[in-house]
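Per Swiss-Prot, the features are:
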type: SIGNAL; residues: 1-29; note: signal peptide
type: DOMAIN; residues: 41-97; note: domain '4Fe-4S Mo/W bis-MGD-type'
type: BINDING; residues: Cys48, Cys51, Cys55, Cys83; note: [4Fe-4S] cluster binding site
type: BINDING; residues: Lys85, Gln152, Asn177, Cys181, 214-221, 245-249, 264-266, Met375, Gln379, Asn485, 511-512, Lys534, Asp561, 721-730, Asn805, Lys822; note: Mo-bis(molybdopterin guanine dinucleotide) binding site
type: BINDING; residues: Trp797; note: substrate binding site
Amino acid sequence: MTVTRRDFVRHQALATAAAAAGVAVPAAATNIVTTAADNKLVWSKAPCRFCGTGCSVNVATKEGRVVATHGDIKSPVNRGLNCVKGYFLSKVMYGEDRLTQPLLRKKNGVYAKDGEFEPVTWEEAFTIMAEKFKKTLKEKGPEGIGMFGSGQWTVWEGYAASKLMKAGFRSNNIDPNARHCMASAVGGFMRTFGIDEPMGCYDDFEHADAFVLWGSNMAEMHPILWTRIADRRLSYPHVQVAVMSTYEHRSFDLADLGVVFTPQSDLAIANFIANYIIQNKKVNWDFVKKHTNFRVGTTDIGYGLRPEHPLQKAAKNADSAGASEPIDFETYAKFVADYTVEKASEISGVSEDKLIKLAKLYADPNIKVMSLWTMGVNQHTRGVWMNNLIYNIHLLTGKISEPGNSPFSLTGQPSACGTAREVGTFSHRLPADMVVTNPKHRAYAEKIWKLPEGSIPEKVGAHAVLQSRKLKDGEINAYWVQVNNNVQAGPNINEEVLPGYRNPQNFIVVSDAYPTVTAQAADLILPSAMWVEKEGAYGNAERRTQFWHQLVNAPGDARSDLWQLVEFSKYFKVEEVWPADLIAKMPEAKGKTLFDILYKNGKVNKFPLAQVSKDYENKEADAFGFYIQKGLFEEYAEFGRGHGHDLADFDRYHEERGLRWPVVNGEETLWRYREGSDPYVEKGKGVQFYGKPDGKAIIFALPYEPPAESPNKEYPFWLCTGRVIEHWHSGSMTQRVPELYKAFPDAVCFMHPEDARSAGLRRGDKVKLQSIRGHIITRIETRGRNKPPKGLVFVPWFDARQLINKVTLDATDPISKQTDFKKCAVKVERV
C-alpha cells in the first residue's frame, strides 16, 4: 500500500488525538467518510426520471445496481437541488414486483383472451404479437392497429416508434400520453406563433419582477423551479407573486395576490386583462404594429365528446373548431370591451379589486412579468384558447422574448417536449413541427427516411381519447401501449377505456416495468428496462436536450422499449404490410423486413459499435450491431437543422448538462424570436416570429364559453383532479418507494370544512364520491395542503386503489383533443 505525505499527516493527527484520549488505535484508523474509490462507487450524470423540469442528477452505481443519487451541482437547471421524488430515484427500479419476463394470457397452453398470464419467451411473445398485427392489417388495413406512447419515451424510442407506425405500418394511429397534458400548449403555440415550445428559458426566473401562475401548483409540481421563484421573491422586495387557481394549494403560501376563481372562468379573466390594458392606454403600440396581427376564432365548437352526445350534436362549429378569420385592432378592442371588471368578477367569483391588481401587473410597462401555467390551463375544454389568451396579454404589452418577460408553458413529463412534441409522436405530427396533412412535409420525411413517395398516409390518426373509443367499438384491434398507464390515467375509464382493452376482438400489448392497472388489463405484457438501464435522451420545458449513458442492466429478460420496437420490426416482410403499388416504387424493398427498410437503411446503422463509449454498456447497440441511438438521433436531427429546431451533434450532448435548441454554430439559444439571441431573426428586425410567413404573431378574439358539465342539484360539487409532490402520475414507480408511499399512502378527497359539516362529515370519514359515470370510495380531508373553496373537491389520481378517473368526463378541447380532468360534477356521501 502506498501512503502519501497527506495521508501520513492525516493518520498521525488522528492517532495523536486518540492517544490524548487514552485510546490505543492503529495509526491508519480513520472515522472520515471514505472516498468513492474506496467504496468502488461509479458516478455518472442523468436527467431525473420524473417531471418536465429536467433536473440533472449524479447517479452512483455499485455491483450492477444504482445505489445513490444526488442533485447535480453542475446543472444550470437545479443547481444541486432535488425534490423529494428526485432524492429517492435510486429506488424506483427496485420494486419487489418488477417485471422480468414476457407474460401472455394462456389457457391449455395457447393464447386465450380470458386466460391467465404465463411466462413466455420473447420469441413466442413477438410471434403471437406479429400474428395479431398481421391479421388486423390484412382485415382492416393500417387504421385497424394503434399505438399509445409517452412523454416518458426517450427521444430515440419515440422516433423509432413513430417511424415504425407511420412509415412501416403506414398508420398514423400513434399518440403519446402527452395528449392528456401538453396538446393544448402545442395548439396554442402553433396558432399564435406557428412554431412550438417556449420562447423563453429558466434564466427568466432571475430577471422577472412579477410571476403569475395560471392554474399551476409549482410548489408541488415543479418544486425546483419554485425554489427559484421563492429565492427571487424573498431576495428582492419589489418582486410580486400572483397565484390563480380553482382552489388554494401550497403555491398560495408565497402569493402576494391569491386568486381563486370559478372553473372555466379564466377565459373571462384573461379577456378582462386585455380590455384593461386597452382601456388604460397601456398597449405597446410600437410592438403591436410591427409584430402582430389580429384574428377572431370560431366559437360554439363543442366539447370533443362522442358525436351522438347531446352537447356535441348541439355544437354549431365542431367540424371547424380551429378556424379563424382576420380582423383589425378596433374590432378586437370592441370584442374584449365586453369583458368589464364587473362582468369578469360576476363570472369568476373574484373580487373586482383583485382582478384590477392582477391586470396592473401586466399593464405596467416597468414590471417584467413571467406567466406560468400547466394542467390548469391545458386540461381544459378551451385549453388552446386559454393559451392564446395568455399570449394575447404579453403581445399587447410587448412583454415577450426578453429576459424576465416571458409567457412560459411549463411541461409535465420529462420528455413531453423532447419526444412527444419535437419528435412528433402525435397522430398528426412529424418531427420539427411538420404534420402528416401537409404533402411537402410528408415528402420531406420520406426523403430523409429513404422511402418512396406515398409511404406516409395523409389522414390524421386517432388521438388518445379516440383510440379508446375505437378500441371499445372494435375499430382498432391490435394495440401496443408503452410507458404509460392509461387504464388508470385516461378519462371515464369504466365506460370508455377498460371496455376496449377487454373487447374480445382486440389484442392488447403493454410494455412496462411493473404490473400496472393497464398491464393487468392487457393480453401480453412485455417487461421494460427503466431509466439508466438504457442509454437515453430527454427534452425538457426550456428546450434543453439532455443525454445519459446506460449505467446498469435491466433485471431478468427485461428489455428497453427501443429494443422492443426495433426487434419487432424484424417480424414483418415489406410485402406483408405495404401495398403492391408502393413496393413498385421501391422494388429493392422486396423480400426485406421493416427492420432493413427503417433501421438498417444506411443512415441509422452508419455508426459502428466502435463509437460507443468503452466506459459504458449499450445493450441495444450490441444487439443490433451498430450504435443505434446515435444513428436514430442523427437521422432525426436532419428534420430540424436549418428549420429553427437545430440540434447539436450527438456526441456533444454526452459532454454537456444539456443544450437549448436551436443550437446553431455550436451555440444554444436562450430567447427565441429576439435579435441578438436567436440566430434565425433577420438583422434589423428586432423581433421576428418566424414561425408565421409574415413574421407576426396572432392576437386572438376568443370568448368565455361554459364547461361541458357543471354542478347541479343532484351532483352539487365540482371535482378537480391532479397530483401531489410525493407521487409521479399514476404512482406506479413512486408508490413502490417505501419512503414516498409512507409520506402519502392513499388518495383523499380534499373538501372545504363547511361543506363537510353541512353533509355531516368529519375529517377521515369514509365517503362515496360519485358522478353519473362512476364512483370511488375514499376519505374526507378538511385540513392540509389543499384548501378547496365551498362547492369544489380535489382528489389526486396516483392511487390505483381509488381510480378517480372512473368518475371524470371524457370531454376534450375540440382543437387539441386534450382531456379536461379539472371539472365535472360529483356528489359526496357517507358510506
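Each Cβ is built from the backbone N, Cα and C atoms, and glycine gets one as well.
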Worksheet item: Three states by DSSP: which one describes Glu248 (Mo-bis(molybdopterin guanine dinucleotide) binding site)?
Response: strand
Worksheet entry | Met375 (Mo-bis(molybdopterin guanine dinucleotide) binding site) to Cys48 ([4Fe-4S] cluster binding site) - Cα separation in whole Å | 20
Response to the item:
For Cys48 ([4Fe-4S] cluster binding site), the close binding-site residues (Cα within 10 Å) drawn from Lys85, Glu220, Val724 turn out to be Lys85
Fill in: 10 Å Cα neighbourhood of Cys83 ([4Fe-4S] cluster binding site): matching binding-site residues from Gly215, Glu220, Lys534, Val724, His729, Trp797
Glu220
Worksheet item: If the [4Fe-4S] cluster site is taken as the center of the Cβ atoms of Cys48, Cys51, Cys55, Cys83, which further residues of that chain fall within 8 Å of it by their Cβ?
Response: Phe50, Thr53, Gly54, Asn78, Asn82, Lys85, Gly86, Pro223, Ile224
Worksheet item: Just how many other Cβ atoms lie inside 10 Å of the Cβ on Lys85 (Mo-bis(molybdopterin guanine dinucleotide) binding site)?
Response: 22
Discussion item. Which one is it: of the binding-site residues Cys83, Glu248, Val724, which Cβ has the fewest other Cβ atoms within 10 Å in this structure?
Written reply: Glu248
Response to the item:
Taking DSSP H, G, I as helix and E, B as strand, the domain '4Fe-4S Mo/W bis-MGD-type' (41-97) contains 7 helix, 20 strand, 30 coil
Worksheet entry | Lys85, Lys534, His729, Trp797 filtered to the binding-site residues whose C-alpha is within 10 Å of Cys55 ([4Fe-4S] cluster binding site) | none
Response to the item:
Note: in the chain of Glu220 (Mo-bis(molybdopterin guanine dinucleotide) binding site), residues six or more apart in sequence with C-beta under 8 angstroms of its C-beta are His249, Arg250, Ser251, Arg723, Val724, Ile725, Arg785
Practice prompt. Going by DSSP, give the three-state secondary structure for Trp797 (substrate binding site).
Written response: coil
Worksheet item: Are there any residues in the same chain, six or more apart in sequence, whose C-beta is under 8 angstroms from the C-beta of Trp797 (substrate binding site), and if so which?
Response: Gln488, Ala489, Thr721, Gly722, Arg723, His729, Ser730, Ala747, Ile804, Asn805, Phe821
Discussion item. Just to be sure I understand the packing, how many Cβ atoms besides its own are within 10 Å of the Cβ of Gly215 (Mo-bis(molybdopterin guanine dinucleotide) binding site)?
Written reply: 25
Worksheet item: Are there residues of the same chain, six or more positions away from Lys534 (Mo-bis(molybdopterin guanine dinucleotide) binding site), whose CB falls under 8 angstroms from its CB, and which are they?
Response: Thr154, Gln550, Ala554, Ser560, Leu562, Lys619, Glu620
Discussion item. Spatially, and counting Cα to Cα, which of the binding-site residues is closest to Cys51 ([4Fe-4S] cluster binding site)? Options: Lys85, Gly215, Glu248.
Written reply: Lys85
Worksheet item: So for Cys48 ([4Fe-4S] cluster binding site), how many other CB atoms are inside 10 Å of its CB?
Response: 28
